[in-house]
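Structure, as structure tokens:
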Amino acid sequence: MHSSTAVGCRGAEFCFAHVLFQLSTAVIMRSTKPPGIHLFECIQGSPLSLRTCQALALLLTFFSYASYHAARKTTSVVKGVLDPKTSNLGLLHWPRCLNIGKLHTSESHMVLYGGWAPFDSRNGTALLGDIDLAFLAIYAIGMFFVGHIGDRVDLRILLTIGMIGTGLFTAAFGAGYWLNIHSFYYFLGIQLIAGLFQSTGWPSVVAVVGNWFGKKKRGLIMGIWNAHTSVGNISGSLIAAALLKYGWGWSFVVPGVMIALVGFIVFLFLPAGPEAIGSEDGHLNDSGKNEIGTPLLEGQTEVREKPVGFIEALKIPGVVPFALCLFFCKLVAYTFLYWLPFYISHTVRF
């Protein structure tokens with residue numbers, strides 16, 4: 001069931017990303033040449049080719065959104081430590097705040113946990129649910145505003161701010177381990193701000209890819225590129241689980257540092273669109289410019305003079321039905337993402 005759900009969500013995301021492609025190519029981005037590319041061209045003595053910039057944009061946006069999901073996945077892995085339970089010794093760490101020893105048995109290699117306050121209380125599971133609700137709510141609300149902001153600013157800068165901010169507040173959540181913080185409102189506030197920064201990811205990366213790849217290649221490109229979600233979830237789970245034995249704080253700090261580093265690389269090298277590396281009028285001196293410049297919204301080139309508003313976006317064919325499809329897919333997907341590991345850890349006995 002999990003695999004079929006994942007396939008269905010990938011299909012819905014593919015369709016919805018195609019619609020976002022239409023939105024992203026309907027506006028002109030105000031982009032500047034990344035400093036890393038500018039330095040490289042000065043050293044090389046010649047500008048980067050179109051294909052090189054396309055590959056660079058595809059690669060950087062892939063790892064950008066994968067790192068978003070890797071940082072997002074840590075919460076579901078660490079829940080089993082924050083909320084008291086009996087679990088397998090292989091992945092879990094005894095919290096420092098407790099002054100009781102580990103309880104081992106030679107037969108099952110089990111260890112008894114006391115959790116981390118305030119999540120070790122009787123309503124600890126509900127508190128974890130409140131944090132997830134707050135994160136996803138601000139994440140959803142933030143995407144409405146980020147979409148409008150992304151149409152008016154340099155996407156490279158917006159994505160950099162979002163990634164570094166996500167890394168900072170993801171690490172701040174884990175810092176509660178060393179600072180011995182047990183305030184629910186501290187963790188709630190951190191997740192709220194982290195969710196706001198996380199909302200910069202999807203609109204930005206889709207818009208950048210939409211700026212670089214025209215109508216003819218969107219199927220192939222999106223089919224390959226959309227694997228970033230799975231790569232991020234898998235890598236985030238592995239990293240967080242591997243670091244739990246050193247303390248649950250590391251499961252947040254390391255992914256937070258990783259996404260911040262990727263964000264810095266994005267700032268240095270990500271070309272947000274062809275105009276970022278072309279001449280002042282935004283056109284490329286390359287034989288492939290016509291393909292990139294071909295609008296996905298046929299016969300609506302006049303819309304390129306200004307960003308698309310919310311009402312105009314809803315009028316584009318496919319936006320509303322695909323949004324509803326993605327809503328229900330995400331409803332199931334995030335249930336697996338946030339609560340399936342926690343549920344299994346509480347019910348499965350080894």
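Positions of Cβ are set from backbone N, Cα and C atoms, glycine also.
Whatever TrEMBL says is automated annotation, not expert-curated.
Note on TrEMBL: of 25-44, 65-84, 225-244, the range annotated with the feature transmembrane segment is 225-244. Most Cβ pairs within less than 8 Å of the transmembrane segment (250-270), among stretches 126-146, 158-179, 225-244, belong to 158-179. Over the domain 'Major facilitator superfamily (MFS) profile' (50-350) the predicted model carries a mean pLDDT of 79. By the Cβ criterion (under 8 Å, sequence separation of 6 or more), the transmembrane segment (126-146) is in contact with the transmembrane segment (185-213), since 3+ such pairs are found. Long-range contacts of the transmembrane segment (158-179) within the same chain, counting only residues at least 6 positions beyond its ends with a Cβ under 8 Å from a Cβ of the stretch, are 64, 67-68, 71, 74, 95-96, 116, 146, 149-150, 186-187, 190-191, 193-194, 196-201, 204-205, 208, 247-253, 255-264, 266-267, 270.
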